[in-house]
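First comes the structure, then the notes that go with it.
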Amino acid sequence: MADKGWTAQTAAAAGTAAGAGAAQLGLGYGLGVIEWPVSTTAADSIWLNSLGWATWITASATVLGAVVAGRLGPDRAGQGRWRVLWRLALAAAAGLGALVSVALVALPARSAAPAPCLFSHSPQLVAVGYALIGLVIGMIVAFWAVSSAPVAANLLGTAAWLWALAIAGVIAELSTGRDLDTYLTSWQFTETGVVARYGGIYWPSALLTLTAAFLIGLIAAWPATRRGDRGLGTATSGAVGPLLVALAFLALSPLLSKSAGPLQSAYLIAPYAVLAGLGGSALIVALGRARQQRIGATPPGNPPELGPAPAATPEESPTAVGMAPPTSRVVPKPAPAPAAPAPAIPAPAAPSPQPEDSTEPAGRRWALFGKRRAEEVFAAEQAAGKISEKAAGKTGEKPAEKPGEKVAAEPAPRPRKPRARVGDDEPAADQAFDPEIAAAARPTKSPAKRAAARKEATPRSTITPPPDNPPVARINPED
């Protein structure tokens, strides 16, 4: 598949070069811009003009064939070591196709008369030699400019401009009835009796040539620049078309003399046309790069960067303390479970003296012979009465009062240190409850801590010791 691609591209290069050369030579012979003098008295400028056209046509056909073939297939120039070989193959194929142009130059030149003032060799040999010079120039430029769309566009634009000048010259000659020679890149048909020359340069034709080279270089590179191709190839593409013309005139330089006539102006202005074309393509690439840099600096659609938000005070925004402003009814989140169960807050018990009574682990105090004290019995009965009142309040009934029940003033509670509550939304605990329930709900120490506390505490006897001087009961007190 790769060999087939190479074959197709090389064949396209040869065919395009042959067709372009034949078409341009046919147009030149038809318009009369290329003619081989059959008389020795012909002006030297006719020979020089024909040799210049033949050289440029062969060179442009070779470059155009290689460039067009390079655009037909994939770009193999970037595949490492095959890059040079691929470019050389396309240039050589285009040169083979341009041999058709050499043949079309050699055949009509057989009947040309020699020009002893210019050369001493055979006119046919001189014509073929200049056609081959154009072929070599075309191969060199094609090796540099292959697979470049801006270069192809510049070549086509330059060729169209030169042939437009030639056609305009023929039309001017037919309309005015004067015998005017159409020179390469020169607008000689505008010259009248007043000669506008300075140092051998015909300025109307020179200004037209420079302006055309600049505009062609700029316009031919503009599509590639819009596509994003802003490399060196696009920037130098404007010089390719005028360069072929300048090289063609450079090949004619050994034959140029003061008798060259109007062709001398075109010869002198050709190098400046190369600079003008280079300036046009370089300018459009520079403008494209500057525009891309402006777009990259301020990309469209992106909002401007905002500075850091000012810190909000607790009075201005509730989010400063970690809370969002409520927009609806706030449902409190359940508080996380504490690591240890919070002890219930017992109601303060009534103060009682510290008798020498025994105390059980549950905290309930008993009298000497297992009887509860009257104060604790009264507090238990009062708590039971309040519980029955709560139950009766739910059902709407009032508990009956016990006969003989005494109402005693409740002693003042002891002041206790307030403790932090789990949640602010919890209702306050009821102040009246059963001491037995509170004692049972009170958390006890772990067995290990209780054992350590018992070891450290002073052991207390659970039996009341007898008095030091107990009274002695006497059966017969009188004795």
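Here the Cβ of each residue, glycine as well, is placed from N, Cα and C on the backbone.
Here is what TrEMBL says about this protein:
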type	residues	note
COMPBIAS	308-320	compositional bias 'Low complexity'
COMPBIAS	333-354	compositional bias 'Pro residues'
COMPBIAS	387-408	compositional bias 'Basic and acidic residues'
REGION	295-362	region 'Disordered'
REGION	380-479	region 'Disordered'
TRANSMEM	46-72	transmembrane segment
TRANSMEM	84-107	transmembrane segment
TRANSMEM	127-146	transmembrane segment
TRANSMEM	153-172	transmembrane segment
TRANSMEM	201-222	transmembrane segment
TRANSMEM	234-256	transmembrane segment
TRANSMEM	268-287	transmembrane segment
Mind checking which residues reach the transmembrane segment (268-287)? Cβ under 8 Å, same chain, six or more beyond either end.
150, 154, 185, 200-201, 205-206, 209-211, 213-222, 225, 230, 234-243, 245-246, 249-250
Can you tell me which parts of the same chain pack against the transmembrane segment (46-72), counting only residues 6+ beyond its ends and a CB-CB cutoff under 8 A?
8-10, 12-18, 20-21, 24-25, 28, 33-37, 90-91, 93-95, 97-98, 101-102, 105, 115, 118, 126-127, 130-135, 137-139, 141-143, 145-149, 151-152, 155-156, 158-159, 162, 181-184, 240, 244-245, 247-249, 251-252, 255-256, 260, 263
Near the transmembrane segment (153-172), which residues from the same chain, at least 6 beyond its ends, have a CB less than 8 A from one of its CBs?
24, 27-28, 31-33, 56, 60, 63-64, 67, 180, 182, 184-190, 212-213, 216-217, 219-221, 223-224, 237-238, 240-242, 244-245, 277, 281
When you scan the chain for residues with a C-beta under 8 Å from the transmembrane segment (84-107), skipping those not six or more beyond its ends, what do you find?
6, 9-11, 13-19, 21-22, 24-26, 54, 57-58, 61-66, 69-70, 76-77, 124, 127-128, 130-132, 134-136, 138-140, 142-143, 146
